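Asks: If you look up TrEMBL, you'll see 56-69 marked as compositional bias 'Acidic residues'. Annotated domain 'K+ potassium transporter integral membrane' per TrEMBL: 137-531, in sequence order. Annotated region 'Disordered' per TrEMBL: 1-95, in sequence order. Sequence annotations record features per position, and here TrEMBL assigns transmembrane segment to 135-155, 175-197, 263-286, 306-323, 330-352, 378-397, 409-429, 449-476, 497-524.
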């Protein structure tokens, strides 16, 4: 055996006949200026030399240069032993050569609790992305998060005017102003600037908010906590302020009122149910609206054929869902980028072709005029106006797949400008063609590029159909963790992003529901009214 130096903790060998080299490698020492020996403090993320397969595989030898007496190699570290060991130079060289063959270099050591807390070094929330990685992430964000809201121009004006056709240019301006400020209020102000910052350590969705509330206040009614969890203190020293005083009052009221606790849980469950319903209706509406473009280009196509083509597309779409968010998102991201470019290009063309009078819709006074002239028609058109913000919940629920900053930058810099240009172009077309209020998007396409745009629109609609599906996967995983949903098989589809998942049972359940929805209603107008 090797005698332990004074002042160092002794290591009890795991096997009775451990070799001297194994025991030497189990102790990391550095020599100070005074000649004493002490254990250096090292970071858990540094590289280490370990003995593979030995009794002390977890123990390490410092390989960093410490300046005074520090060593650069593991063998040099062993060579810095005290001279009282009785080893000759030949024996030391032979032992060092043998030890050099046995030592391997390991990566950073990740603690299991860090893995559970999603706080592993190298996780995407702690990385600084390069320019190339940022572009790839933006394309994946387009393909996963913004497909739904990006294809809403296919059907928004159709649903708004399907019951009460527009009769004047002022009606078009009022409807356009409604759409513009719905996009500004819901996706931009509500989700992008406010709700995204309310994430639970990178997790988004209704259950993530509920979990965040219950962790800071004793408001949970779900039996998903261990008795020992109640004894863990979450005390944090905060500077007294008006906001803190107000939050403490709300917390006290919530913790003492059983009615508020029940109401909060019911709102969470009801909101989750509505999001799942959105995941059923949205794919059916997006695909059918895109396939309806065939009726504009080919007059012989009837409604039944549109339904059958939509059913075939939906089956293919949900079958590809199992390949993972990163792979599918990267594959369809460029296609959706082309779609947004087409949308903005067609909008600019129509504005230049039919006039810039539609820009007056940025004045919200036209909303007031719209309701003043036709209160019933304006009220009914609000249901269709809401369709321009379909998929906004996916921006928050899909947050576990990407970072907050990537979602915000992609929406503000690309998605929102393209959507506004697309709606402005359709409104410019409608103001000069008041009677053509069905298939507005496809009728406004220039004849020279009609079929390429129809192809891109169909592809974008298929991409949009999976936006809410991935959001539902995330919500179901959170509901299962909180004990509000039966335990299902969850497949992690990425080695880098822990939130990217696939739930087979929910995928096929959504497919069956979408097919039943399409075959039952069979019309984009009826589906829009149901939404």
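Cβ coordinates come from backbone N, Cα and C, glycine included.
Predicted automatically and left uncurated, TrEMBL annotations should be read as such.
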Asks: Would you kindly list the residues that approach the transmembrane segment (497-524) from elsewhere in its chain, counting only those six or more residues past its ends and only Cβ-Cβ distances under 8 Å?
Replies: 118, 123-124, 155, 158-159, 202-203, 279-281, 283-285, 287-289, 292, 303-304, 307, 310-311, 314-315, 318, 321-322, 324-326, 400-402, 465, 469, 472-474, 476-477, 488-491, 530
Asks: How about the transmembrane segment (306-323) and the transmembrane segment (378-397): do they have 3 or more C-beta pairs under 8 A, pairs 6 or more apart in sequence?
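Replies: Checked: the transmembrane segment (306-323) vs the transmembrane segment (378-397), no contact.
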Asks: Report yes or no: does the transmembrane segment (263-286) come within contact of the transmembrane segment (135-155), defined as 3 or more CB pairs under 8 Å with a sequence separation of 6 or more?
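Replies: In contact, yes.
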Asks: Ranking 175-197, 378-397, 409-429 by Cβ pairs under 8 Å to the transmembrane segment (449-476), which is first?
Replies: 378-397
